[in-house]
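Undergrad: For reference, the structure I am asking about is given below.
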Amino acid sequence: MPLPTAPAKLGHLLPSDEYKAKARPSKQSKKSAAASDDDAYGAVETVAAGRPAANAAHTLRSIASDVLTQIPAEAHADAAVPPPAPGTVPTRGRKSKQTAALLQPVPGARAKPDEVEAKKVDVRGERTERADVPTTPAPAPARETRTQNKRRQRTTAEAELRKLFVLDTNVLMHDPSSLFRFEEHDVYLPMMTLEELDNHKKGMSEVARNARQVSRTLDALVAHAGNAAKMTEGIPLAAQGNRDALGRLYFQTTLTDIEPVEGLPVGKADNQILGVVRALQKERPDRQVVLVSKDINMRIKAHALGLPAEDYFNDQVLEDKDLLYSGVRALPQDFWTRHAKGMESWQDTKTGTTYYRVTGPLCPSMLVNEFVYLEPQNGEPSFHAVVRELNGKTALLQTLRDYGHHKNNVWGITARNREQNFALNLLMNPEVDFVTLLGQAGTGKTLMALAAGLAQVLDDKRYNEIIVTRATVPVGEDIGFLPGTEEEKMQPWMGAFDDNLEVLQKTDDAAGEWGRAATQELIRSRLKVKSMNFMRGRTFVDKYVIIDEAQNLTPKQMKTLVTRAGPGTKIVCLGNIAQIDTPYLTEGSSGLTYVVDRFKGWTHSGHVTLARGERSRLADYASDIL
């Protein structure tokens with residue numbers, strides 16, 4: 001290939017990338033610059049045609065560099081001055097003319113990229129030209145470089161923070177929407193998880209329904225992916241409208257590369273999932289692979305093998321049961337002193353209720369329908385009230401009806417302690433549609449709920465009938481199929497209500513016009529026992545619904561039951577979170593804990609935790625020491 005024609009003048013050998021002059025000198029300036037070049041270096045010799053142009057350019061560039069190093073800082077300032085107007089003769093010194101001659105651009109003469117980059121200095125991400133070349137710095141490339149660096153660093157940090165969660169089958173059957181509960185992290189489903197889902201899809205149980213729902217969700221996600229290539233790359237979890245799920249769903253597509261875990265049975269599903277987790281750790285060292293399972297033993301085996309494992313915490317309302325909202329607050333002794341400024345009080349003559357509107361630092365932390373009390377001191381009477389309204393630092397307190405007095409008994413039942421009085425105020429209040437009562441064995445939960453229901457159904461005619469249901473989770477082994485109708489099948493589970501009905505029927509005092517003639521047949525005509533399995537799709541209008549043993553319900557089951565309420569219906573949930581019999585359900589993830597936490601502060605709901613047992617001295621002592 002023939003060499004290009006060599007340049008004829010010295011100034012033409014400098015490439016434009018080295019100086020980036022903003023303007024070209026005029027012709028008159030070029031002539032004066034050429035004359036000054038002759039004075040400085042002698043006559044310019046024409047380069048021979050056979051001489052390599054690169055060598056000539058290198059020689060002349062070194063000469064120009066030596067000359068530029070001798071130019072003082074004042075010459076740079078002169079060179080940076082805009083060119084003169086046409087027709088005027090620039091008055092410059094000798095060195096300025098030499099610099100101008102050296103800075104003349106020549107099209108087509110370019111330096112090598114490595115040579116150009118070597119002359120640029122990068123200080124804290126800002127690129128600057130050589131100090132001896134008078135140019136105006138361009139900030140845009142520097143900003144672009146900084147932006148690219150920040151974007152690269154952010155991408156690397158996100159990749160390090162994003163986890164890859166491997167889901168066990170029990171997580172999907174516990175919460176069908178768990179696929180979309182991991183935010184920006186990715187989800188991985190082993191093939192054995194899908195196999196176990198297929199094995200549990202048959203039946204009418206809650207687990208079977210959840211398995212079928214997960215299968216439908218996965219089918220929709222796979223259909224959105226379209227082909228197997230996208231499944232390998234990961235399916236966006238936000239494809240079905242779940243905007244909170246920013247990660248991707250991966251399936252196990254290779255089955256031959258999974259090595260079994262040494263020392264564990266090969267055919268067991270849990271051990272195969274552990275093998276998948278270990279293989280993913282080797283295959284993806286850049287990601288943090290975490291196993292998520294509700295099975296405690298599987299998590300222990302994973303930790304023993306050095307694999308990270310976690311419980312499914314999304315439905316975990318509380319980490320500690322002591323943090324659960326109790327519905328009762330003890331006021332400090334200086335409450336009236338600190339909240340007396342601007343206090344208003346008035347009394348309802350019809351009901352005898354007293355109202356206090358107080359303002360102070362304690363009011364913002366209160367909740368609507370939260371009970372407050374002040375212990376008696378120095379012979380003063382005790383103060384029991386409920387928070388009716390909240391407005392910033394102002395709260396409206398309403399005194400309570402004393403159901404501990406015999407004249408205010410409910411179907412012959414009176415409150416024996418402070419918490420029972422609070423509970424009866426909630427149960428008898430028609431403005432409260434949802435009541436939750438927690439307490440240990442023997443605190444009177446079922447008795448008070450049933451007595452309040454009978455009083456409002458048979459005496460006040462506020463509701464049409466009482467509907468009783470409970471979670472049919474046995475403490476021991478299942479007794480098998482039961483004969484008879486729905487009510488007859490549920491009868492063995494309702495022994496607690498039968499015991500409390502016997503107590504209520506033995507009351508000698510009248511609890512209204514129906515109290516004297518109340519018989520078991522009359523009560524049975526207004527009390528219906530229903531199974532939870534047939535609740536879906538029903539609507540209860542003007543009913544008093546009691547859900548017993550609610551601690552054994554999942555949040556989804558609790559939602560199904562509470563949403564059955566129609567106009568004029570009141571729902572009462574009873575339970576003890578220390579007596580959970582449902583597998584994979586804890587005190588923090590129970591449906592009863594879930595509704596207590598979600599409904600607190602609502603105007604038409606209330607909660608009370610019963611503290612003291614009133615069943616018998618034997619039951620109280622057994623609850624404390626056993």
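Using the three backbone atoms N, Cα and C, a Cβ is placed for every residue, glycine included.
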Undergrad: Which residue range, 1-40, 481-520, is the one TrEMBL calls region 'Disordered'?
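TA: Matching range for region 'Disordered': 1-40.
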Undergrad: Note the mean pLDDT of the domain 'PIN' (163-300), expressed as a whole number.
TA: 87
Undergrad: Quick check on the domain 'PIN' (163-300): DSSP residue counts for helix, strand, coil, in that order please.
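TA: Residue counts for the domain 'PIN' (163-300) by secondary structure: 68 helix, 20 strand, 50 coil.
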